[in-house]
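Q: Structure below; questions to follow.
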Amino acid sequence: MLRIEHAYWLIAAFLLYSGWRNLRDGHRWHAAFWIVLGLLFGAGDFILAQSAAGNALPAQIAGIGVIALACLAPRLRRQAHPENRSAEQRLQSAIELGHRLFGPALLIPLVTLLVALFGGYLVIGQFALFAQSQMTLTGLALACVIALLAAARVARTPVHEGVAEGRRLLDAIGWAALLPLLLAALGQVFTRSGVGAAIAEIATDFLPTGNATAALAVFALGMVLFTVIMGNAFAAFPVMMAGIGLPLLIQQHGAHPAILGAMGMLCGYCGTLLTPMAADFNLVPAALLELRNPYGVIKAQAWSALWIFASTFTMMWLLVFR
């Protein structure tokens, strides 16, 4: 049975490989960072099991590991990895491959969708192929592996070259690769600390009674604003849903939960396009492309973000209360 833990072990193996390669190349800070992170990913199941059994020591060691990551992160510097081929060779290869380059990338959402829809029906003997919990994430991990194999087939290169390129990109991105995980966890911290309840109380005091449109506008704008502040729509979503989405829009005004959630997240993504807090999206690409303006990516995306938000809010207003 394929479980999400298998994906974490695969990620751990890749991180440990990246750490080993950096150690061999003499980049000790990068090596230490990726090795610690790989151990945390690989030992997650064991830590949770020990915590459930009442043994707090593994979780405390993991906490020390997280603190170590924070201490190592400032020492990571962007590394220059030598290119295996010249720019002319890469351009010629891209021309020869053409639109086939998009095939492996498109396999990721396609395989993920197929697993999410039909994975529950796949049975070998009496055993289900996919665990019912977190089937979509398991499908995503499987899709990434299939896409890697497909990319190797399309490009006629060995799989280990793809793994090496992944390690090169990981070193180029550095600590920012962790931002989506950390910011998603930050959303749960905000929710547990009662920020959502405080927002609900403020919204109830100031919003006009019975005005569903005003509540929807505050929810949509709040998703954008909290995403700009926190850097990730996944961090903003639990706060705004707990504060305004559930108590005011769904329970009081009868909003459709699925539409509200999906389109609310899209509003949050508009905030992602506008904030330097989303460093993995907006600052790292500027550094990799060596742009003169470090905020050039945000500047180029700003008008698109505003138009997407306006369109999303209009559609949400038309659909969510039907």
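Using the three backbone atoms N, Cα and C, a Cβ is placed for every residue, glycine included.
Not measured: the values here are computed from a predicted model.
Take a look at what TrEMBL says about it:
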type     : residues : note
TRANSMEM : 32-53    : transmembrane segment
TRANSMEM : 59-76    : transmembrane segment
TRANSMEM : 97-124   : transmembrane segment
TRANSMEM : 130-151  : transmembrane segment
TRANSMEM : 172-191  : transmembrane segment
TRANSMEM : 211-237  : transmembrane segment
TRANSMEM : 258-279  : transmembrane segment
TRANSMEM : 302-321  : transmembrane segment
Q: Would you call the transmembrane segment (172-191) and the transmembrane segment (97-124) in contact, using three or more Cβ pairs under 8 Å, pairs 6 or more apart in sequence?
A: no
Q: Go through the chain and flag residues at least 6 beyond the ends of the transmembrane segment (32-53) whose CB is under 8 A from any CB in it; none is fine as an answer.
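A: Sequence-remote neighbours of the transmembrane segment (32-53) are 5, 8-9, 11-16, 18-20, 22-23, 59, 62, 65-66, 68-69, 72-73, 76, 170, 175, 178.
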Q: Report, as numbers and ranges, every residue of the chain located at least six residues beyond the transmembrane segment (302-321) whose Cβ falls under 8 Å of a Cβ in that stretch; write 'none' if there are none.
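A: Distant Cβ neighbours of the transmembrane segment (302-321) are 212-213, 216-217, 220, 224, 249, 253-256, 259-260, 263-264, 266-267, 269-271, 273-274.
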Q: Is the transmembrane segment (211-237) in contact with the transmembrane segment (130-151), using at least 3 Cβ pairs under 8 Å (sequence separation of 6 or more) as the test?
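A: Contact between the transmembrane segment (211-237) and the transmembrane segment (130-151): absent, because fewer than 3 Cβ pairs are under 8 Å.
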